[in-house]
4 protein chains.
Amino acid sequence: MIKVSVVGAKGRMGRHVVDAVNGAADMQLALALDAGDDLTRITPENTDVAVEFTVPSVTLDNVLTLIAQGVDVVVGTTGWTDERLDQVREALAKAPREGQKAFIAPNFAISAVLADYFSTQAAKYFESVEVIELHHPNKVDAPSGTAIHTAQGIAAARKAAGLPAVPDATETDGGSRGQSVDGIQVHAVRLRGLNAHEEVLFGNAGEQLTIRADSFDRGSFMPGVLLAARKLASDAPAGLTVGLANFLDL
Amino acid sequence: MIKVSVVGAKGRMGRHVVDAVNGAADMQLALALDAGDDLTRITPENTDVAVEFTVPSVTLDNVLTLIAQGVDVVVGTTGWTDERLDQVREALAKAPREGQKAFIAPNFAISAVLADYFSTQAAKYFESVEVIELHHPNKVDAPSGTAIHTAQGIAAARKAAGLPAVPDATETDGGSRGQSVDGIQVHAVRLRGLNAHEEVLFGNAGEQLTIRADSFDRGSFMPGVLLAARKLASDAPAGLTVGLANFLDL
Amino acid sequence: MIKVSVVGAKGRMGRHVVDAVNGAADMQLALALDAGDDLTRITPENTDVAVEFTVPSVTLDNVLTLIAQGVDVVVGTTGWTDERLDQVREALAKAPREGQKAFIAPNFAISAVLADYFSTQAAKYFESVEVIELHHPNKVDAPSGTAIHTAQGIAAARKAAGLPAVPDATETDGGSRGQSVDGIQVHAVRLRGLNAHEEVLFGNAGEQLTIRADSFDRGSFMPGVLLAARKLASDAPAGLTVGLANFLDL
Amino acid sequence: MIKVSVVGAKGRMGRHVVDAVNGAADMQLALALDAGDDLTRITPENTDVAVEFTVPSVTLDNVLTLIAQGVDVVVGTTGWTDERLDQVREALAKAPREGQKAFIAPNFAISAVLADYFSTQAAKYFESVEVIELHHPNKVDAPSGTAIHTAQGIAAARKAAGLPAVPDATETDGGSRGQSVDGIQVHAVRLRGLNAHEEVLFGNAGEQLTIRADSFDRGSFMPGVLLAARKLASDAPAGLTVGLANFLDL
């Protein structure tokens, strides 16, 4: 049994993590802590893996505390910069327990991670490609970070393969062609009823390949969270791993 | 048997019309004329309906000539303005034969016409709506005239029903949200392998309605052209009709 | 303000109705009753419209009781037969209050109702058509009642228009072609993560029309429930109305 | 410049190959032969790669002749059995030129090959999966060979990962649930206007991954044919290779 503690257990995501851990046959819930609780109650004796889903303003402190406690940690909070990731790497290098591990991911939905990965793989085989992301209308930024990441990956793969720019004869446009991210057009749709969705369209003469990921609700992150926890508890490498694709056998 | 003459018979669309007429059990091909041919060879004696698919620069003259000949005409050439349509109406009013008819449509694909019509019907029942049009990358204008028409129809229907603006919390965007047409966001995708496609997405809390029309090739216009020819040869009203939706029993 | 009482208020759907009524600016929640509560507490004095979402075994009794109380009722419980509907009609005919109304619908999702309606309208314009319904894997019956209803409507519209059978050269099949409902092939997909979805595909040479309704969760029924309650409280005709399409201005 | 000869040059596919070779900057058309022509005119002196698109009844003889001529060959004709493939392998083993190569593929559409490959990769990460293939209504077999191949690959990947059967509570069905291929449900749609399409739907709680390949016309095979010819003319291994996925860097 993998002993899992949850930090941010009363938050929107944390509650889902508690339920997911309780529902997993190979896991048991250790401590469920939230704001105001003492994180040093989490120790290697009672916890194999801590899952941290809080807010950007406190996540770095939480993670550093957990590492100093000698506990491996899965982090789902967003807002990580390269500088902050380096602080985690340094903390892990001088952690109390040998081989300590941390895992941080911007997106735990397996479908989204696979769509992103497959899109990069497919990129060099198609003359045309565009990205459409679709989200609920309360989202404040457009396009989504995931869509930007996918477009950047596709652009890099096309460049590495020596592909020219995508064909586009558009002469007159009032903005309908979307935003260019490294030369790849990205479109953002906002629609009540949706949650988080991404569709990548590839085209050659006479053919199309479409890869689409739908995240209907927060529960869609749980398989990825449990997968990461299991990886940390078994064969994940020591140190920091960033991105769920590293834990999929692709 | 409906006797059909084709004007522009050697053009990209005209050739399809000739084939479609030849393949229709209730029609027979009368004259197949092209640039340089004398249109006055087309008369009520040899032709029930003329189908005109040429270019914007000559279509008005062709149509006026055919009307003066006493022949009913289906027009597929694009580029009609209100002023030019009025010239056709005037010509019909003083046409040699009583009850003469003309039909002009920007889009003969039945799927596209129905998608446009259903979108207008559905408009007032949804909080959110956006339009995505997808075309081959050789298209010079974006968004398509069809998408603009659809968005305008949706906007008018929402306004008539007293609906507020669509919800949209976007604060930061580099252009990915597309073009606003009367308050409806329109997105244009350009992809090798595609021809002409439109998708309208409607959303309420917990539900989505999607209406999509795909025109895979020019052959997709032929059922609409034959339908229009049959209508002119039977129960279409005298005078000018604009738009295929008028000939569908909706 | 429309005074709405909810019967089955603690059930899965009833809780959503209570929330929806509380969230509607033009409604106020009167009584929220559940199993064991006395339905005769609901009267014309405290209630304009009762919404009943219970189970097939008790819904008829509940509806007859509410009608005898002189209260108009919106019914979302399933399992209605023609015989049971007739019992409701008879009860309404001799109801205590003049012009009493009841409304029963198998599906309150506006997107599903529109998809069904548009499919019937589109049916006669296409050579081919098939229906795909997709649901969560806990559903015990296949295909869904909604898909059967849609296929029957399409088949009837094709027949009325004199269309021949859909083209199909299949000679060898191990069951992949799905189930024929009045000559229309219906396919049922069961997938974890889905809720209730229907897609109708229409095809002519060179073109396709796709109409798709997605119901992501139970909340998707609420706009339809509120719309029905408002109709009963205003201009719905006296007597029994079956099906939400009757309350849409189509 | 790669010198390419075409066998079956007047056939439906062969004509497309001739056009594609003529349009490729790095290729030149050598001989374009058809039924009745002498295949021994194709030699290593005038041809680097022969592309064979004929019919199942003559393809084996053609391929053996070309191998005996010392020419590498790309084969697009269908109907290959394990026994026939072995005959090709034997012929290559004793071919006149050292390192001779042959390539046979059931499907040259890159989108279809990638969809099949990605589906196998994704298989073990999802609780549910179903396959829908959609074709023109003149197709005589259902489901398509490609869909069967995809379902078998998914089933094998799930088995290798120790996944249980897909969840399915269906108790009552008149055939709508489709055909089980190694435990994976496969659905076949037949629709006028379509050519060859495949959609694979994967589902977990709260999320869906969709991978779709559209082949709109025969031209969709040409990028794959040219890619195979280039591979034979460069770094493909000696002997027989079966399947385009082997020539993609995946």
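Even glycines carry a Cβ here, placed using N, Cα and C.
Nobody curates TrEMBL annotations by hand; they come from automatic prediction.
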TrEMBL annotation, NAD(+) site containing C:G8, C:A9, C:K10, C:G11, C:R12, C:M13, C:G76, C:T77, C:T78, C:A105, C:P106, C:N107, C:F108 - matching residue among C:D34, C:D37, C:D61: C:D34
Cβ neighbour count within 10 Å of C:K139 (active site, proton donor): 19
Integer Å distance between the CA atoms belonging to C:G145 ((S)-2,3,4,5-tetrahydrodipicolinate binding site) and C:T77 (NAD(+) binding site): 14
Rounded inter-Cα distance in Å - C:R12 (NAD(+) binding site), C:K139 (active site, proton donor): 16
Candidates C:H135, C:K139, C:T146 (recorded positions) - the one closest to C:N107 (NAD(+) binding site) by CA: C:T146
Recorded positions listed as C:R12, C:H135, C:H136, least Cβ neighbours within 10 Å: C:R12
Sorted by sequence, non-C:H136, C:G145, C:T146 residues with Cβ within 8 Å of centre, (S)-2,3,4,5-tetrahydrodipicolinate: C:E133, C:H135, C:K139, C:D141, C:P143, C:S144, C:A147, C:A196, C:E198
Alpha-carbon distance [C:K139 (active site, proton donor); C:G8 (NAD(+) binding site)] in Å: 22
Cα distance (Å, whole number) from C:T146 ((S)-2,3,4,5-tetrahydrodipicolinate binding site) to C:A105 (NAD(+) binding site): 11
Rounded inter-Cα distance in Å - C:D34 (NAD(+) binding site), C:H136 ((S)-2,3,4,5-tetrahydrodipicolinate binding site): 27
